[in-house]
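In what follows, a single structure is set out as structure tokens and then discussed.
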């Protein structure tokens, strides 16, 4: 058996094909795993565990079924869903992990993280990140009316899109020195992360000559992306394209016993 990792699905009501692709992944790939790790930006935005969107209930039910069937699920928050809390995690049957988590698979320690903290050249974003991760600010935000929270989230998303469109792509990728420093700080040689939407397996050497590996998950825009870790190593896998709209409609009708 293997351990599976995914990130950057950006699930939303506006992208039903991505949701359908994820549900297919839960039905076909995830049940065969020893565990599933979701490394952030699972949802396109998250304004609180009390948001009653039908999508949130649907996803929670599917993850709970996976967990109830014996596949543990773990979650690290991303820059889009860092407000996802214990209440929703409990509904999903998944365990919340800190921003940086070391796990050991087949005798090898691996550092897991979303990946945004590695993009240290993007100083504007890092300043923004420090602000929105302020516990007091988060406490206040969660107590605002749901409609106001949504309005703020939409405005911040639009501002982020405008800001990113003016930035060089290199600024929004990881800084290699930060990568090496993070590995040294944790005393490991392997990491798995998402965030950059640039799926790849990067092999490089640390300052002391030891070999290191940085495995990067892809986004789920048109098809799924996962990393599989088994006894043979770390594998980056591209999943099939998401179901077409007519397939999604047929699946919904079947689930409602209308076809």
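FYI, residue positions are counted from 1 along the chain as it appears here.
Glycine too: its Cβ is placed from the backbone N, Cα and C atoms.
For the Mn(2+) 2 site, Swiss-Prot records 41, 79, 195, and the single candidate of 114, 235, 242 listed with them is 114. Site annotation for Mn(2+) 1 in Swiss-Prot covers 8, 10, 41, and the matching candidate from 193, 197, 202, 203 is 197. Taking the Cβ of residue 80 (substrate binding site) as reference, residues of its chain lying under 8 Å away and at least six apart in sequence are, in sequence order, 10, 40, 41, 43, 44, 45, 46. Following the DSSP three-state reduction, the secondary structure of residue 164 (substrate binding site) is helix. Considering only the residues assigned to substrate binding, 79, 80, 122, 160, 164, 167, 195, the longest pairwise Cα distance works out to 19 Å. For residue 79 (Mn(2+) 2 binding site), the Cβ neighbour count at a 10 Å cut-off comes to 19, with all displayed protein chains included. For residue 160 (substrate binding site), the spatially nearest entry among the binding-site residues 8, 79, 195 is 79, judged by CA separation.
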